[in-house]
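J.: So that we are looking at the same thing, I have put the structure below in structure tokens.
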Amino acid sequence: MIGFRWILLFLCIFGNPLVHAKKGAPYEKYGSSKSAIYACNLYISSVGIFCEPSTDYYATYACICQNDNARATFAGCLNVKNQITKDVVDDINKMGATYNLSCTVQDYKDSLQNYTKYAKLPSEIENYNISVPVNVPIKLNDSTTALYFRAYDQFLGNYDNSLYYGLALTEYFALVFVLAIIANWSKVLFPKIVGKFTGPISNTYRKYISLPAFIRRKKTQEQVFFKVFDFLVPSRLESLILFGFLALTIAVSGANIKYIENDPVFATKGQAIARYIADRTGITATLNMPLLILFAGRNNFLQWLTRWDFATFICYHRWVARVIFLLVVVHASCFTHLYLLRGYYAAEMKETFLVWGTIATVAGGIIMVQGMLFLRRAWYEIFLLVHIIMAALFIGGAWIHVEELGYVWIVYSVVAVWCFDRAVRVGRLFWFGFPKSEVILLADETLKVIVPKPKYWKSVPGGHAFIHFLRPSCFWQSHPFTFTDSKVRGDNIVLYCKVKGGVTHGLYQYLSTHPGKTTKIRVALEGPYGEATPAKSYDTANFVAGGNGIPGIYSEVVDLARRSRENSKQHLKLTWIVREYKSLYWFYEELIALKDTKIETTIYVTKPNLFNCIEEFNYRLPIITNEPRSSDAEINEIKDEERKELGLEFKTTDIKYNEEKKHFGSSDDESEDQADLQIRVVNQIKAELSHIQFKEGRPDMEELVKQEVEESNGSVAFVTCGHPVMVDDLRYSVVQNLDNPDGKRLDFFEQLQVWA
């Protein structure tokens with residue numbers, strides 16, 4: 001896995017088959033002209049020949065143009081459907097281009113007269129032998145000719161129709177994107193107009209379609225199904241869009257597919273239908289591959305156009321992938337059935353394009369299994385590695401499979417999109433540089449990563465960035481985290497990483513062995529991604545965060561407060577829900593900074609009686625130096641000017657901890673019981689954060705929303721990020737209050753992104 005992304009980029013740029021491989025077969029649109037040519041060619045070849053047999057397939061078309069009797073017979077066939085046209089003649093000349101054909105429409109019209117005068121039925125030709133060239137035009141049966149035309153219109157027309165139907169699926173999403181652009185950008189560009197949409201039609205649409213979860217409350221929470229089969233359900237709007245896509249896929253997969261009675265091309269109805277469906281599903285699946293890769297990219301321009309987040313596109317990516325895989329399975333199954341019926345399955349499966357088609361199908365199947373939510377969360381890095389390898393095999397197999405079938409140009413675009421995204425990602429990393437960052441383990445639950453901010457790097461309030469910790473054990477991994485800007489002691493980007501499994505747990509163990517639980521680690525940052533919500537346009541904006549969801553929420557509300565006019569009537573509120581007081585330690589500096597803003601801040605402590613990590617209390621005020629912290633004393637020796645900068649007017653060094661007993665206790669000179677010490681710590685926190693209102697217990701989201709609507713002078717926006725249960729509860733409460741008696745505009749913006 002090490003360096004796989006760099007290898008992939010190298011292969012994309014320097015190993016691109018667009019540059020080095022031979023050019024694939026060009027796409028061929030059949031239309032009525034080529035359908036007529038193939039129909040007449042098959043019919044005529046079934047009754048006789050005019051030139052000596054040749055191993056060169058295109059010699060047949062040279063014979064048509066150069067042999068008078070062949071041309072006359074062909075003209076007679078074409079005339080049944082009035083197909084002696086310039087398009088048909090030009091196509092015949094192109095098919096025999098290596099023979100420098102130059103027949104004209106007039107040549108075929110003249111030949112038609114010869115056909116009318118001299119054509120004979122096979123039974124009328126002396127010494128007739130179907131394998132021996134004849135020297136007169138062969139008279140064709142008009143009804144049989146019409147049958148061949150119908151058969152080829154169905155057979156070859158299916159190729160053309162499949163292209164249009166495949167594009168229809170792409171155009172479906174294009175229409176969805178246009179509607180999303182209008183809906184989401186109107187909130188940014190025309191907020192006053194949007195704010196007036198509080199009537200029954202608008203509220204009904206938002207209450208039952210655009211805002212709620214698909215069923216009940218769960219949207220960011222996974223649906224539990226025997227644990228191994230847990231899954232995420234798209235929102236109701238996303239589900240309706242996907243239902244439309246699935247319905248359209250089913251419709252186009254069977255549209256205009258019918259059997260022609262007595263079909264001369266296929267021996268049985270089963271063979272005909274199998275071939276039609278196989279061609280249809282294969283082409284439509286291939287045509288939707290560019291969307292599949294585009295949706296999965298971090299640098300997807302559609303995110304900016306639609307203002308949808310990455311998680312939304314990942315949702316569509318997964319479902320488009322499932323649809324494409326099902327189409328591929330149907331495609332493969334139909335051809336397998338056809339080959340078995342005709343008795344040449346073993347021989348056909350030796351063909352290179354079929355071998356690679358099989359490899360691509362198997363790779364797609366592996367992706368479907370290893371992409372399960374349980375496996376993604378349990379072994380994410382293994383999932384990612386297998387996913388990338390299987391995706392490369394799927395695309396590479398598809399490339400070889402369709403290279404000589406005329407559809408490789410679609411795979412070109414797939415590879416181009418994938419390589420472009422990878423190249424931009426690598427470019428972002430080098431553009432940012434590889435600085436050393438201060439990494440601090442705080443409250444035994446969060447990594448605070450302080451990265452020097454380049455002057456040219458523009459932060460996005462509420463955005464996120466992917467960080468690489470450049471250590472031998474994990475440098476290839478990148479994980480997304482929200483961030484804030486900090487101008488205390490320099491211009492820095494501060495990321496907060498909750499300790500879970502994988503790389504964060506490894507860093508937790510690494511930092512636990514260092515003095516002060518801090519060290520310098522070189523990092524690479526890719527971003528920023530995402531964008532701010534339209535909350536700036538609302539009379540009241542309440543930013544609700546839960547646990548480690550605070551950084552992005554904080555950065556956006558602080559940015560709004562900085563940019564708002566002094567006389568602005570907008571009310572900005574920040575609500576943070578934490579489990580215990582120790583969760584404040586790792587965000588203490590930012591909480592202190594709220595003192596000089598207009599933001600009304602409320603912190604809910606749901607379990608105030610839990611009081612762990614007393615030793616971390618003395619680390620709540622960050623000291624960023626060139627050397628790691630080595631002792632509590634060093635931490636507590638805050639310089640006067642630094643204390644003044646943080647807005648503190650008293651000392652904070654009277655909390656002591658007995659390291660050996662690992663519980664609240666006393667030093668040699670002082671003895672306090674646990675309850676008293678808790679009170680002292682909480683009181684000191686509240687004193688230092690006197691500008692913040694503290695409430696103990698879990699907030700009632702329904703009451704919170706109702707209260708905001710009642711107190712607001714106008715429109716209200718809730719912006720949230722945090723635990724999925726909290727986010728889903730807040731969404732549900734907002735939905736239930738859209739029809740508020742005051743007719744105030746109420747909106748919900750979700751910053752939580754769940755894609756793994």
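The backbone N, Cα and C atoms fix where each Cβ goes, glycine too.
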J.: Kindly point out the range from 280-298, 432-450, 603-621, 717-735 that TrEMBL annotates with transmembrane segment.
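T.: The listed stretch tagged transmembrane segment in TrEMBL is 280-298.
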J.: Taking pairs 6 or more apart in sequence, does the count of Cβ pairs under 8 Å between the transmembrane segment (163-183) and the transmembrane segment (319-341) hit 3 or more?
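T.: Contact between the transmembrane segment (319-341) and the transmembrane segment (163-183): absent, because fewer than 3 Cβ pairs are under 8 Å.
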J.: Considering only the recorded stretches 280-298, 319-341, 353-375, 382-400, state which has the highest number of Cβ pairs under 8 Å to the transmembrane segment (406-424).
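T.: Counting Cβ pairs under 8 Å, the winner is 280-298.
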J.: Where DSSP helix means H, G or I and strand means E or B, what are the helix, strand and coil counts for the domain 'FAD-binding FR-type' (429-535)?
T.: 20 helix, 47 strand, 40 coil
J.: So if I exclude everything within five residues of the ends of the transmembrane segment (280-298), which remaining residues of that chain have a CB under 8 angstroms from its CBs? That is, six or more out.
T.: 158-159, 161-163, 165-167, 169-170, 173, 249, 252-254, 257, 310, 313-314, 316-317, 320-321, 323-324, 327-328, 330-331, 334, 395, 398, 402, 407, 410-411, 413-414, 417-418, 420-421, 425, 466, 526, 529
J.: Can you name the far-off residues of the same chain, 6+ from the ends of the transmembrane segment (353-375), with a Cβ under 8 Å from a Cβ of it?
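T.: Distant contacts of the transmembrane segment (353-375): 222, 227-232, 318, 321-322, 324-325, 328-329, 332, 383, 386-387, 390-391, 393-405.
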J.: Residues of the same chain, at least six outside the transmembrane segment (240-260), with any C-beta under 8 angstroms of its C-beta?
T.: 147, 150-151, 154, 157-158, 161, 165-166, 168-169, 172-173, 176, 209, 234, 269, 272-273, 276-277, 280-281, 284, 316, 319-320, 323, 327, 330
